[in-house]
């Protein structure tokens, strides 16, 4: 893997254009900063007049004492918000500066089905292109606009994409074009592009649209030659635009494209589905009904699967895992057993493309009739249809579209005549460039595998994320008190797994998936305890549900500690069974209760005593920075208190996203969506009031994640955070920027401020400054969001993330216990690897010892020293029309590495 990463670094370095020219610019900037360091007060006063918006003079740079000196000395330190530092980046700066590619032209179009998040992508493409000095053209109505030309191809301006971040669909239209499928249509499309000087295209669509773009690129040379022969274009233009560069962004709510973890629109569609299923659950429970929910997914079951994973669904039908003959009996038995255990409702999720093993369609109405006839349950059908495509894009899709759009422009600008077309994809949290046709071929291979009934292969081709979701769902929902039948690999024996037995499986596969799995016997049942420490965060309850059910499934005793460490000391401990956590996934807050008190403050000796009394073999601590600190405190006290020599696992759950060892925390996505929704409403108020600026204060402690990402997702003009020091000069610059903005057509502004951004420049101070300096031009108001950021229902991402993290925590804890357990069942884990933070870093889940993380922690300000999202701050400023320098964060990789 290290060799692959090294290869990717080299390839990204070699793809940078004009290295010598860039090096010269860097040296010039360094000389300029060196001269500035010795300037007099009068010189500085002169500089004030000449400063461009967003610049910080080196003489006034206010850098915190803990900032790395290497950042201070970088030639980009003069740009506020330009620091995008990653280890090793000092040797390989991938720098994008304003007007770096003047005179180039590019076109953008959306094709196929629409998806929420396309507009944020279009906005980023247009503004990044203009920022780099390019002409950017809208190609309306997809390929049809390419063929038609004329007014269908129009130059975009900065203002063309103002106010579209929260719009669903696509403002430039999407249509299917039969003419483009034939060469004469593609010939007309080529001429129209040449007429506008365009030889760079961003295609936003599905695999069919991207395949069409690749074919167009392959034929480009022959198309130009034919146009020259027909005297429709000049030979000079044919030579000038002889290479067509293509970059693809995948816009599809089905998330059916291999090569990327998420496609644009999938998360928003999940939001629509989850909102519907949460509403259905309440009415179904009231009347003890069974609901069959049909979602989109003609060839891919992603939406149905993740919906089932996050909603306590009893059964899911997906194309990649069809049921075997006899599934009707198994389904009815499962529903009957759940009712006998006290469950008042049943939810069945069905993808529209679901079939049985022989390829016969399974319809929602067919399932309804089956349940109604056999069980006499009041069964209803809800088909969501195009509701799933509608509505505002989620915060995730806005950020995904924005990041992918910006990187698509950079990929076009850096393309060479020998470059193959790429897709901008997401792998974990890393933006990657993947060969377009490799992705298309793998996507088509999934369909071929399903057609040939090679369903295990189809699941593998979908990628590790899809496969992991399927296995997790099967374990958490299919195994309950009565339990469905499970098929053993070798002799096709059927057995029942109940919440009390000791059978465990390594590879979980239901028999109705026609996949086999292995069973093994556990020698001991262990006592696993879980508690919630810190402030409430949505997704915690889904995590607890996963821990309890996965632990019971593996034959262990699950203990819940209420009210954090204080509850543990007060013996607020209770065992949880399967049905005790039924329905928890959709509940916000923390049903266990939480206290912002670390283990050290409650008393390590008291906690050790309780662990000994209850004979806990592992402690799973769900929470924010307090949870991380508690694990560290107990780890360091192991020599004094042997009771702490058990697996101590921190599952990060906080809206602040400030836990070392992970780039995402449970609850952060929900909080971000809540903030973005409020920002959308506030922008409407500001738009109606005309010439009004709002200053919005977010939570996060000293960590500026929420403020920065909410600003990027809502189209804010600025985000003030602690990690990026700012001065009164910066505030005045922003006032000037907003004053100029008010002279345009958009008469509103939005500024976000992290609650601990600056001790003196408070939200009230900034608001009053704007009111005073903006007299006669604009007014200003403030809004402190407060604890509403911790409320709401968990987002689909937080439900799925918490669920998978909970299962992984149990698996890791049990593996440590088994390796350390004696014949008498005593557990002694005293290695650094037994006190860890479970998280997501870049492209994979990670397990990091707290001993290692301690050196990367800012103890005083309760956050990591290195934070990945800081590299996106220049993008925020660029898209808000500030001066900045952007350092690209892409990685070139292969499709297999992504999956």
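Cβ coordinates come from backbone N, Cα and C, glycine included.
Heads up, TrEMBL stuff is auto-annotated, nobody curated it.
Here's what TrEMBL has on this protein:
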ACT_SITE  254  active site, proton acceptor
BINDING   113, 176, 177, 206, 207, 208, 209  ATP binding site
BINDING   252, 253, 254, 289, 296, 297, 298, 352, 380, 386, 387, 388, 389  substrate binding site
COMPBIAS  10-21  compositional bias 'Low complexity'
DOMAIN    106-411  domain 'Phosphofructokinase'
DOMAIN    528-811  domain 'Phosphofructokinase'
REGION    1-478  region 'N-terminal catalytic PFK domain 1'
By Cα-Cα distance, the member of recorded positions 252, 254, 296, 387, 389 nearest residue 177 (ATP binding site): 252
Nearest to residue 209 (ATP binding site) by Cα, among 252, 254, 296, 298, 380 (recorded positions)? 252
Expressed in Å to no decimal places, the gap between the Cα atoms of residue 254 (active site, proton acceptor) and residue 206 (ATP binding site) is 10
Separation of alpha carbons, residue 387 (substrate binding site) and residue 113 (ATP binding site) (Å): 13
Reported mean pLDDT - the region 'N-terminal catalytic PFK domain 1' (1-478): 82
Across all chains shown, how many C-beta atoms besides its own are within 10 angstroms of the C-beta of residue 113 (ATP binding site)? 19
If you rank the binding-site residues 176, 298, 380, 389 by how many other Cβ atoms lie within 10 Å of their Cβ, the lowest count goes to 298
Sorry to bug you, but what's the C-alpha spacing from residue 387 (substrate binding site) to residue 176 (ATP binding site), rounded to the closest Å? 21
Spatial neighbour of residue 389 (substrate binding site) that is closest, considering only the binding-site residues 206, 207, 208 and their CA atoms: 206
Nearest to residue 206 (ATP binding site) in three-dimensional space, by Cα, is which of the binding-site residues 252, 296, 298, 380, 387? 252
Counting Cβ atoms within 10 Å of each candidate's own Cβ, which of the binding-site residues 296, 387 comes out highest? 296
To the nearest Å, how far is the Cα of residue 252 (substrate binding site) from the Cα of residue 208 (ATP binding site)? 11
Candidate nearest residue 208 (ATP binding site) in space, where candidates are the binding-site residues 296, 298, 380, 387 and distance is Cα-Cα: 298
What is the number of other Cβ atoms found within 10 Å of the Cβ of residue 209 (ATP binding site)? 27
For the ATP binding residues given in the record (113, 176, 177, 206, 207, 208, 209), what is the largest pairwise C-alpha separation in angstrom? 15
Whole-number answer please: how many Å between the C-alpha atoms of residue 298 (substrate binding site) and residue 207 (ATP binding site)? 14
Least crowded of the binding-site residues 206, 208, counting other Cβ atoms within 10 Å of each Cβ, is 208
